[in-house]
Amino acid sequence: MPELPEVEHVKRGIEPLVLNQRIEEVEFSNAVINGKEIGKDTIIKQIDLPMFKLYSEGYKITRVERRSKYILFHIETNDDQRVLVSHLGMSGGFFVVDTLDDIIVPNYKKHWHVNFKLSNGKQLIYSDIRRFGEIKNVADLSAHSSFSDMAPEPFDENAFAHFKHQLETKTYHKKPIKQVILDHKVIAGCGNIYACEALFNAKINPERSADSLNDDEQKRVFDEVVKVLRLGIENGGTSISSYRHADGKTGQMQNYLQVYKKKVCPVCGGPIQTKVIAGRNTHYCPQCQK
Ligand SMILES: [Zn+2]
């Protein structure tokens, strides 16, 4: 599943090619069209296809933004502003190409779902093999519940204060710290791989309850989440899943992982344990993480 660093990488890759371009036409795949006909919101959510076209064709892309694991396309005409809110799901990806044939990963070429034809002659294409991803077209983000209670971006100045406050609330204080840092209301965009890595680097056992962490430990966990997300961005994310970048290349972050899906601890040489915490596989070293 693409996590924050992968999504940031996708955003950086497409932004220069789509910014300030007008969407001339939007085309949908048969899977999207047929899905709508049988009442299934395949990829395009909460809006019917003619309305989606009405609220995007002729609009100019004025800003591309990543928020947590979402990519937001701010679009406008002279008298209207909308936001395309996209989530890559398990295996989605955006490509900017001259023609569909330029998508070099065969599965992504085959499983394209939305094609935005742009005024510079490029096509912004959303592909998704497993179809868990989504694109919404909303008047503003306040209508979108995921954004109203989302934590600040982890790199924002106020993100630690928010994190610390959340840890001490009734909702979270008795929950395992691993589960808590996966919650986007506490930290935005820290997925499973990065949560395992951050707790390993912070030397904190993932099963500890949030309220058992002292001030120093809270700070360590937060700082390590930020560090590992930054490292992920620098290295283009991981390519552990079927995920591929817009250019078909894979990220290199998997070469920097310490504990995720490892057998042996790189620090003490002891065995890495795997445990399911809140439904997610968690890899950790019981020797090093207390
Ligand atoms: Zn160890």
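Any Cβ shown, glycine's included, is placed from N, Cα and C.
Curation plays no part in TrEMBL annotations; they are all automatic predictions.
Now, the feature entries from TrEMBL:
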| type | residues | note |
| --- | --- | --- |
| DOMAIN | 2-133 | domain 'Formamidopyrimidine-DNA glycosylase catalytic' |
| DOMAIN | 258-290 | domain 'FPG-type' |
Quiz prompt | Confidence summary (mean pLDDT) of the domain 'Formamidopyrimidine-DNA glycosylase catalytic' (2-133) | solution = 95
Exercise. Give the residue counts of the domain 'Formamidopyrimidine-DNA glycosylase catalytic' (2-133) per reduced DSSP state, in the order helix, strand, coil.
Key: 37 helix, 49 strand, 46 coil
Quiz item: How does the domain 'FPG-type' (258-290) divide up by DSSP, counting helix, then strand, then coil residues?
Solution: 0 helix, 12 strand, 21 coil
